[in-house]
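Below: one structure, written as structure tokens.
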Amino acid sequence: MFGAELVGRETGGQSTDQPYSYRDSARTWDTVTQSVLKAPGWEDSYAVITIEADKHGNGAHQETVAPSDLRQYAKLANASQILYAPLIFVTKLSIFLLYLRVFASARRGMTYLSIHLLIWFNLAFYLANFFLKIFQCIPRAKIWDSNTSGHCININIPILVTAAINVVSDLLMLCLPIICVWRLQMSIRRKLGISAIFAAGIFGCFASIMRLEVSVRDRNTKDPTYDWYTEITCGILASCLPALPTFFRHFFGKARTMLSRSRTRGSSNRSQDRSLEKATELYTLTYPRGQKHHIITDNRLIDQDRELDDDRTQIFSGPSYAVTEARVEGRTPLGQRAYHGDDTVLNGEDGSGHCRGILKVVEVDVESGPGHPTVKCRCDNW
């Protein structure tokens, strides 16, 4: 592990409990993303520097880093410090421009002036910070090689000033949109929801405050490989949070569409299955004489060549058969007169062959099955 590799080599025999080696960090050429390949920008250079610095002790305590790595790290750290000012300014500028578009589209009023004042103040401050980091040592080689003759400024003073101004700037950025939201004409519930989105920027404020506290407490210590990276990460996350509602609406909208399509397909399949299943239906009819007449329809698949001996039942021939039976309770079955498909009349009479006269006519539609014609059955009670 890291301790076993480093002890006795260049750390002066110091041991460490760190469970990994900073030299095993991801290399620059291992980190290739589609977005970087599509649209690389100058800000991507900061990521390249950071990834390269990881294998020279970035994020590890300085006492655990080899001297040769510290020299290389100092070069990369100075490059990242130079980029720090424009990077943090661009992060804040993106938030300020969002505020202008949302809250000051009319280009007048106190909100518009306040946002522009913050933009120009941050521009001036971070521009000065940019040149300060470039010329912090003369010659510049003294930044990473203390044996080089020359002089350097006390870098702790700019760090403290930068941390303090970042805290004030971040708090103003946090309060400004919330004040604007509560001046809008909308429901309390919606105001709370929008305020919660912008209030997520409090993570950046916490990072600035913690950086200021650590800078004041450890101003006499030197551990440049471990500090001041949290603030930039939190700032970038905070600047992306206002876009989360749009992302979630897009994501959940597609999820609802896919779920709806799945349910529609499932419903269609179940409907088709139910069309293949026909339950027995019982119709009860009351006649003027007080007699109950039951017409029972039931799906039965019967071979065409099969003959039924029961003369009480008429069979409709075809690919599948629907049996219709009519009888009066307590009496012998009544005759039936049925119209089947091509309106062919099937005569049904009582046992004597005499038709008693029609008391009630009932028409029943029986579907033989999917793809087969509907059978119309007309039952006459004599």
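Cβ atoms here come from the backbone N, Cα and C positions, even for glycine.
Region 'Disordered' is the annotation Swiss-Prot gives to one range among 1-22, 23-44, 353-374, and that range is 1-22. Of the recorded residues, N147 (N-linked glycosylation site) and N78 (N-linked glycosylation site) place their C-alpha atoms 17 Å from one another. Here the glycosylation sites are N78, N147, and the one whose Cβ sees the fewest other Cβ atoms within 10 Å is N147. For the transmembrane segment (112-132), the list of distant contacts is 82, 84-86, 88-89, 92-93, 96, 99-100, 103-104, 106, 153, 158, 162, 165, 169, 172-173, 176: same-chain residues at least six beyond its ends, Cβ to Cβ under 8 Å.
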